[in-house]
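The NAD(+) binding site annotation in Swiss-Prot covers G215, S216, T217, A218, T219, G220. Marked as active site by Swiss-Prot on the basis of sequence analysis: E237, C271.
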Amino acid sequence: MDFTTFHNIIGGKPRGSDNSHSGVDPLTRTTLWPVPTASPQDVDDAVEAAQRALPAWSQASYDERTGLLEKFADLYLSRAGDFCQLLASECGRTVENAAIEVYWAAQWLRYPSSYKLPEEQIEDDTKTAIVTYEPLGVVAAICPWNSIGKIAPALATGNCVILKPSPFTPYTSLKLVELAQEVFPPSVIQVLSGGNGLGPALVKHPGIQKISFTGSTATGKQILKDGADTMKRITLETAGNNPAIILPDIDVTATVPHISGGLWFNAGQVCIAPRRLYIHADIFDVFVDALVETTKEATKEMTKIGPVQNELQFRKLVKTLDDAKSAGHDMATGGPLADAETGGFFLRPTIIKDASPESSIVSGEHFGPIVTCVRFSDADEAVHLANAGESGLAASIWTTNLTAAKALASRLDVGSVYINGPPQPDPRVPFGGHKQSGLGVEYGLQGLLSFCQTKAVYLYK
């Protein structure tokens, strides 16, 4: 398979287009390979092909489908080196960092094999009711780079999938689906790359039963509106302005490196990365000083932290930092721009000290290497600050007192809480956001069932 030419995959076959677009390597700002731009006819053709493939695929047994996912995981890992290089090019990561995601993705392909779709029976003197879970039909997955987390459960439960990657990061998804044609029947999994009109075309299409989306809250709300006319089933994973609560009993020297790694990995472009640090007043100054020193050391190798993925987001973050500087915020480290000589879309990791909890730099989600530090005096205040705002994706708590940590976790209005460890989803555990950070869950058994519809059959005696 050639990793320098790219096609949409429709009906099991590569398809070009009269129009094309290209991504940009954020490490060097160089233009990458051309990618065909899907047309409205391509959308219709992909949906029709998926509908033709659906009867046979949905009737295959769960074990048959997950067996093919296992086979695909093996095939994918056999090309891991190529995918690491490709992911590094389109996301600006080091190959070592890209490898983390590539091997993570293989585990996501395998996780449905550890489950069975349940069949429930409810019986009384007059009847037996049998509850089963069936495929929804054709699913469109719209996401930037975590597509396997959507593909695996959708295929395992008997749906056909049309993947729509971000126009900024289309390459890995296109090659992933091209490789999948060696394993799955034609049209079971397809991929379309395109511009701003492609997502709405999929959401509004009457032949698609479900949308699974990862991205901004604003786009998620628009998907809900666009999908209303056809009563789409919709799962959303949207913005996360995630809090971390740091209690005074921690060992600062031992804890700061663990927190720092979660802050700056992939330049903070991780949906569950901490963005608001709530630090107990008793250790605030010593903690921030240690975090600043650790961060300064990390910025000596900016390529390991990585660039912002695209110029649009880069410019937004630059403006955010310019505004923060103009507002007089105390930037303990970092600042508006890294040295121009880096060439890529690099920003220095920025720690903003003693920010007002009500300020936009704290309340807004900044998808990049920006972290705010706020003091708190007791648990009630920490919970109040952490729960402020409309996001509720994830939170983390750092303490030696697990009883206190569990009590705090129960009061946080978020979908996932990580105690004394880095925010990192597990494919066996349901993942979803509270408030405006999402709708529904993915992963685990609940995630599998989110790609199903329920049927009850009554047998009268």
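Note that Cβ sites are derived from N, Cα and C of the backbone, with glycine treated the same way.
The Cβ centroid of G215, S216, T217, A218, T219, G220 marks the NAD(+) site; residues of that chain outside this set whose Cβ lies within 8 Å of it are F213, K221, Q222, I223, L236, T238, A239, given in sequence order. Recorded residues A218 (NAD(+) binding site) and E237 (active site) have their alpha carbons 12 Å apart, per Cα-Cα distance. T219 (NAD(+) binding site) counts 17 other C-beta atoms within 10 Å of its own C-beta, drawing on all protein chains shown. Under DSSP, G220 (NAD(+) binding site) is assigned to a helix (H, G or I) in the three-state scheme.
Taking Cβ-Cβ distances under 8 Å and a sequence gap of 6 or more within the same chain, the neighbours of G220 (NAD(+) binding site) are F213, L236, T238, G438, L439. Distance between Cα atoms for C271 (active site) and T219 (NAD(+) binding site): 15 Å, as a whole number. The Cβ of T217 (NAD(+) binding site) has T238, A239, E390, S391, Q436, S437 as same-chain neighbours under 8 Å, each 6 or more residues away in sequence. Between the CA atoms of T219 (NAD(+) binding site) and E237 (active site) there is a gap of 11 Å, rounded to the nearest whole number.
If you draw a 10 Å sphere around the CB of E237 (active site), it holds 27 other CB atoms from the protein chains shown. The highest number of surrounding Cβ atoms within 10 Å, among the recorded positions A218, C271, is found at C271.
Neighbour counts of Cβ atoms within 10 Å were taken for the binding-site residues G215, S216; the minimum is at S216.
E237 (active site) sits 7 Å from G215 (NAD(+) binding site), taking the C-alpha atoms as the reference points.
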